[in-house]
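Visitor: Pasting a structure here, questions to come.
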């Protein structure tokens, strides 16, 4: 695990984005932990979040021309990532979609730069792949090419098959998926925290029931991959 991944977990705990206890996922599964990126909800948090994503994107080595954030959570996310990348010397155009198509003014369903070239989709946590499919459809319709997906957390849970949800997306659309951190990273972090280590058995039990059974080839930042 890279230093910035370690710091990101610290950061997520500080803002209660990552919590441990008894929760239920969107899929209806009881879960011993919860990750809600919507709680990065002040100026400092949003700036830091963009910097973490930018570091992860650059560390992955993925080649892209522009960024795209699916509405609604992807709108502030893609904006802060674009700023962080520019501050690091990598200036890229960005855009996002409207949920409701505008029929006046500039019109259309895309706000920001025109979709062109290789487009990197950025999101928080992909649970069902719905926003990903919609984003890919929009990108193709504009004549651009989706070249990858960047998310904050890979829960490493099986989706509709024995593969993880992110692996299913990778297989379906034949594009790389990058995660800032994984459940493995969270567990490794917990092993270093005496005040939190007691949560590990519940997480391991959860993985026994819901963890992906097929080896994952998703690009977890800091690990080598071909993109």
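Positions of Cβ are set from backbone N, Cα and C atoms, glycine also.
Straight from Swiss-Prot, here's the annotation block:
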- 26, 72-73, 98-99, 102, 104, 123-131: 5-phospho-alpha-D-ribose 1-diphosphate binding site (BINDING)
- 34, 35, 127, 155: orotate binding site (BINDING)
Visitor: If one looks at the chain holding residue 35 (orotate binding site), which residues at least 6 apart in sequence have a CB under 8 angstroms from its CB?
Guide: 12, 17, 18, 125, 152, 153, 155
Visitor: Using Cβ atoms only, which residues of the same chain lie under 8 Å from residue 73 (5-phospho-alpha-D-ribose 1-diphosphate binding site) while being at least 6 residues apart in sequence?
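Guide: Within the chain, residue 73 (5-phospho-alpha-D-ribose 1-diphosphate binding site) has Cβ neighbours under 8 Å at 37, 38, 123, 124.
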Visitor: Between residue 126 (5-phospho-alpha-D-ribose 1-diphosphate binding site) and residue 34 (orotate binding site), what C-alpha distance do you get in Å?
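Guide: Just about 14 Å between their Cα atoms.
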Visitor: Expressed to the nearest Å, what is the distance separating residue 26 (5-phospho-alpha-D-ribose 1-diphosphate binding site) and residue 34 (orotate binding site) at their Cα atoms?
Guide: 11
Visitor: Inside 10 Å of the Cβ of residue 99 (5-phospho-alpha-D-ribose 1-diphosphate binding site), count up the other Cβ atoms and send me the figure.
Guide: 9
Visitor: Count, for each of the binding-site residues 26, 155, the other C-beta atoms lying within 10 angstroms of its own C-beta, and report the residue with the smallest count.
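Guide: Each of the binding-site residues 26, 155 was scored; lowest Cβ tally within 10 Å is 26.
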Visitor: Taking just the CA atoms, what is the gap between residue 34 (orotate binding site) and residue 99 (5-phospho-alpha-D-ribose 1-diphosphate binding site) in Å?
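Guide: Cα of residue 34 (orotate binding site) to Cα of residue 99 (5-phospho-alpha-D-ribose 1-diphosphate binding site) measures 26 Å after rounding.
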Visitor: I'd like the Cβ neighbour count for residue 34 (orotate binding site), meaning other Cβ atoms within 10 Å of its Cβ, all protein chains included.
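Guide: Looking across every protein chain shown, the total is 15.
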Visitor: Can you tell me whether DSSP puts residue 126 (5-phospho-alpha-D-ribose 1-diphosphate binding site) in helix, strand or coil?
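Guide: Where residue 126 (5-phospho-alpha-D-ribose 1-diphosphate binding site) sits, the three-state DSSP reduction gives coil.
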Visitor: For residue 35 (orotate binding site), name the DSSP secondary structure in the helix/strand/coil scheme.
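Guide: It is in a strand.
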